[in-house]
Amino acid sequence: MQEKKSLFSSDTIKKLNIACLLLVICCVLFYPAKKNIWYDETVSVLCAKGLYYTDGNALTALQLNTSVALEQQNNLSKAYTCTVIDNGNSLLYNEGLHFFTMLSGNSFSGYLFYSKLCAIATLLAFFVLCSLFMEGSIFTSLALLLLASDTIFWGMAQEVRAYEMGMLMVTLATTFFYKYMYKGDRTLHLFLTGLFAVAAILSHYLSAYIILVLLSYILFVKRGLLFTAKNILAIAVPVVIVSIYFYFAAKGFGTMQNQNSALKAKQSEEMFSVTQVVLRSLKFGALNFKTVFPAFNGSAGIVIVSFLMVIALYFGALKVSKTPTEKRNLHLLFILGVSSSFFLAALSIKSHHYTALYSRYHTFCVPFATLFVAYALKVLYDGVNKTLATGLVAIILIPCLALLAIGVIKRKTQVKYNHLEVARKITTEKINKVTIPDWTDAFLLQSFLPSGYKIEYKIDSASTNFVLFHESGTDTIKVIRIIS
């Protein structure tokens, strides 16, 4: 039987895939940085700068109220301490942001650029992972476009939070996991899988649902080969690293437990519903698999139908798949992609509140749900009807791009913290003294002032304003600090 010719040569496909990769990298890199910050981002900023909300009393007792005193807090040890006090989460991100801002300065765009770099690194790692699964297919370009158009991926690339770094680490861990499982069984690949798995957990604890899937796969598929001397040594080092951190960061878990207790008490007053947990989990599952209709209409019927479409794609691709490798890859990617829906739903039911179901917590399975869709469409394209598969590509990709475009157009501009603008005014007008209502305001101002800038802070807890002192008098600006 004569083999069917591909529409493009392998060399052309390779060039198209690289061109698509460069295109999406440029989109992330040159997209204008946002101008506003919200509460969770302030926590990341303060931890990275070695400043925390609870530090104010100690500074007051020591009569330290200058920028020089606050800059002395900006060191690696203090960044670690602040991370543990917060709840022990995102150590790797906070320490990385600390070093990055030491080099790049304290501009808000610099803080955001760190997340952009993580997003670009994620795209590169995702490209390598796609190459392992697609083996030179043009559907690698589709996977890149689907990931770049994902609102969670795009949104986390524009935030001073650890999610993009966590996505990078789980993608790298899965890449080396796949190489270990199916590309040579090298101990080095197992070691790197463990190392990046630990890095993912130290970036964000909730990346654990991906790591649990990878660990389960290894235990079930290669259990006999895993427990050799060299493999045990390979996984021992990452395990020791994370164990040491958890030992020293244990008191941070108490903070997390208190937060969960408060949320549980609040949710009990608002009638917690398991049905709502299931619907929200299915909604985010459908969105991650690029069935984006629930983003336009979140009714229960639309959510259920959208998730059933994902299931149909899974079983349809399985039915027409021609090789055991295709079936294996479909199973793996689907389980990784859907893991957040099950894990976070279980966590929400156990904790008895909806916080675990925030869209950003589904971040870590986005690369795998995305790759599953592209891979399933490739299987359909190769095994059934090219016209049908091409039509499905359009049906999936166009709404994703439309949803992203709507998000960009409706980009939120609400000012929840005006400390960025005040810090800019301080440096522009060379202010060297400011009155503030709370130490938190001083910490945030300090985080956005140039390194070495000298200013004196004066606390007036009865006030709700910034008072900036300059040669011709004072300027009074109301503090904006919206936590929700």
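Counting begins at 1 with the first residue displayed.
The backbone N, Cα and C atoms fix where each Cβ goes, and this holds for glycine too.
In TrEMBL, annotation is done automatically, which means it is predicted and not curated.
Quick look at what TrEMBL lists:
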- 12-31: transmembrane segment (TRANSMEM)
- 111-130: transmembrane segment (TRANSMEM)
- 137-156: transmembrane segment (TRANSMEM)
- 162-178: transmembrane segment (TRANSMEM)
- 190-220: transmembrane segment (TRANSMEM)
- 232-250: transmembrane segment (TRANSMEM)
- 292-318: transmembrane segment (TRANSMEM)
- 330-349: transmembrane segment (TRANSMEM)
- 361-381: transmembrane segment (TRANSMEM)
- 387-409: transmembrane segment (TRANSMEM)
Which of 111-130, 162-178, 232-250, 292-318, 330-349 contacts the transmembrane segment (361-381) most, counting Cβ pairs under 8 Å: 330-349
Contact call for the transmembrane segment (232-250) and the transmembrane segment (190-220): at least 3 Cβ pairs under 8 Å, seq gap 6+: yes
Same-chain residues at least 6 beyond the ends of the transmembrane segment (292-318) whose Cβ lies under 8 Å from its Cβ atoms: 151, 279, 282-283, 285-286, 326-327, 330, 334, 372-373, 375-377, 379-380, 399-400, 403
Residues of the parent chain within Cβ reach of the transmembrane segment (190-220), under 8 Å, 6 or more residues beyond its termini: 89-93, 162-163, 165-166, 168-170, 172-174, 176-177, 180-181, 226, 231, 234-235, 237-239, 241-242, 245, 332, 335-336, 339-340, 343-344, 356, 361, 364-365, 368
Long-range environment of the transmembrane segment (162-178) - Cβ separation under 8 angstroms, sequence gap at least 6: 44, 89-90, 92-94, 96, 115, 118-119, 121-122, 125-126, 128-129, 132-133, 153, 156, 189-190, 192-193, 196-197, 199-200, 203-204, 206-207, 210-211, 214, 217-218, 332, 336, 360, 363-364, 366-368
